[in-house]
Amino acid sequence: MSIQYILEIIGTFAFAISGALAVNDQKHSDWFSASFTAFISSIGGGTLRDVLLGSYPLVWISDINIIYAIIAGIITTFIFYRFLLRLRKTLFLFDTFGIALFTIVGTEKALQLGVRPEIAVIMGVFSATMGGVIRDMMTNEIPIIYRKEVYATACFAGACFYLLMDRLGAERITAFISASVVIIVIRLLAVRYGWSVPKFFR
Amino acid sequence: MSIQYILEIIGTFAFAISGALAVNDQKHSDWFSASFTAFISSIGGGTLRDVLLGSYPLVWISDINIIYAIIAGIITTFIFYRFLLRLRKTLFLFDTFGIALFTIVGTEKALQLGVRPEIAVIMGVFSATMGGVIRDMMTNEIPIIYRKEVYATACFAGACFYLLMDRLGAERITAFISASVVIIVIRLLAVRYGWSVPKFFR
Amino acid sequence: MSIQYILEIIGTFAFAISGALAVNDQKHSDWFSASFTAFISSIGGGTLRDVLLGSYPLVWISDINIIYAIIAGIITTFIFYRFLLRLRKTLFLFDTFGIALFTIVGTEKALQLGVRPEIAVIMGVFSATMGGVIRDMMTNEIPIIYRKEVYATACFAGACFYLLMDRLGAERITAFISASVVIIVIRLLAVRYGWSVPKFFR
């Protein structure tokens, strides 16, 4: 079992918890809504990446463990949600962990399929953020990438950092972990100090 | 001509009527909006299923009869809409009929493409409900699966019932019809008696 | 280099400017939002067309010039946006130019892939309008095709005109230019004289 695979499973589990907790604010937070939202949040970004790259079969269709990781995330949320919500930053931390893993997994997968580095970066950012974007589009929220100051931009920086490490000849595991840390650190500092992306229109 | 094919045509016709009637509440209900909404509602779910499964060519691209069934649904709505709207439950019945047929057609097709039963159930539910979800996302409505108490859950139950019948060795036509009836009955009872899916957060 | 290719690059550039200018009305118009919106508006329609047709690799994934055309459009907008916005009809003109080119490029590409004329028309309209629809769905706007009176309908007319010219044996370049002009003229006249598509419900 590759480390990429284990991290994809962990990222899926983290995103499922983040997705199931997200419907807490919704009026109709029944079992179906929570499960559906957890599912879309978890597989949306990677699915879009693979459909755009024409990479079939999709990961969650060929590998049932992805589905089981999502179900585990939903049940974990159901059992521990009071605990998870009381820790006010839990949702945020699970989401940050998820986007860091998915960005690098997505960038790597695109590179392995032979696309150019510029496209691999786009695929990394899409893998991490588009599950949340689709979730927000469905619940009529302004998508996360428009709301949060430094969100997708942190993924973009991490994906570029991964490519740089790769070019410099770093070992894969070193590149993977350091690029993930870059994303997590940027995101944490951005929220802590209120960093935002520069205005486009002056 | 297989029964699956005939039912897909009938379901498409039913969904086109349901879609064209849906724009009646919109401010701008011109010919283009009505036709476009009927089209998206009819082919959205099956298209998403086939794109996710990588099953090309898409049904409505290779088989022009799907397009003609949608056009027939639009024209039928245009001619008889006063009559259709006066029967206040018409829209609801056409939609219920459509989701029942599409759930089972979608589950069957996924099984024929060799995916696991868990994935086939997801594909059945997607076939039936995602056309309406995409329609609602485009018109800025809260998607139907978040609003209605027992909607996608009825499809889920019907798809599971179909798999059970299949395992028990039932004939295909028996499994098809009985599972469709399960969906229709659950949906009718749910609306009649106000059934809702259990709350996720207590 | 084919004329189809050059026009696709110009159309992409025009759509990127139109997309980047569109976030001017949004509250959070930072560099990421503007770039992301420009990107989605430019490649959304063609991507949907190619995914529906199963035509891989996607144009912007195999040809980096598409990405460069979008970046050029974003930078052009950033430098000249005061000038572009002062010319109040600029956004409208860039968008009109973009939909005309994309409709015909999309119709042609679908025909070359061997689909029926009816499907080619749908693909032409999708190529031109669905980038804007996805953009509007993401920013919680009512999609452009529901709002504007004669918008997608102009693309529909132009695509049909292209097919007619093709049947009558017109040279490709003649058919291409005349059909684009049909779309531009219909759109300009529609806005000038307030044309709207006939009501569906009387």
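Any Cβ shown, glycine's included, is placed from N, Cα and C.
The domain 'Glycine transporter' annotation in TrEMBL covers A:6-81 (among others).
Here the domain 'Glycine transporter' (A:93-166) has, by DSSP, the following mix of helix, strand and coil residues: 61 helix, 0 strand, 13 coil. What TrEMBL lists as domain 'Glycine transporter' is A:93-166 (among others).
For A:6-24 (among others), the entry in TrEMBL reads transmembrane segment. Among residues of the same chain six or more beyond the transmembrane segment (A:6-24), those with a C-beta under 8 A of the stretch's C-beta atoms are 33-35, 37-43, 46, 59, 65-66, 69-74, 76-78, 81, 84-85, 90-91, 94-95, 97-98, 101-102, 104-105, 131, 135, 139, 176.
The transmembrane segment feature in TrEMBL is assigned to A:31-52 (among others).
What TrEMBL lists as transmembrane segment is A:64-84 (among others).
Here TrEMBL flags A:91-107 (among others) as transmembrane segment. Among residues of the same chain six or more beyond the transmembrane segment (A:91-107), those with a C-beta under 8 A of the stretch's C-beta atoms are 4, 7-8, 10-11, 14-15, 17-18, 21-22, 45-46, 49, 84-85, 120-121, 123-129, 131-132, 151, 154-155, 158-159, 162-163, 176, 179-181, 183-184, 187-188, 191.
The transmembrane segment feature in TrEMBL is assigned to A:119-138 (among others).
The transmembrane segment annotation in TrEMBL covers A:150-169 (among others).
For A:175-195 (among others), the entry in TrEMBL reads transmembrane segment. When Cβ-Cβ distances below 8 Å are used as the criterion, the transmembrane segment (A:175-195) is approached by residues 3-4, 7, 92, 96-97, 99-101, 103-104, 108, 149-151, 153-155, 157-159, 161-162, 165-166 of the same chain, each at least six residues removed from its ends.
Comparison of A:64-84, A:119-138, A:150-169 by number of C-beta pairs under 8 angstroms to the transmembrane segment (A:31-52) places A:119-138 first. Sequence-distant neighbours of the transmembrane segment (A:64-84) (same chain, 6+ residues past either end, Cβ-Cβ under 8 Å): 8-9, 12-17, 19-21, 24, 34-35, 38-39, 42-43, 90-91. Residue counts for the domain 'Glycine transporter' (A:6-81) under DSSP, split into helix (H, G, I), strand (E, B) and coil, are 65 helix, 1 strand, 10 coil. For the domain 'Glycine transporter' (A:93-166), the model's average pLDDT works out to 90.
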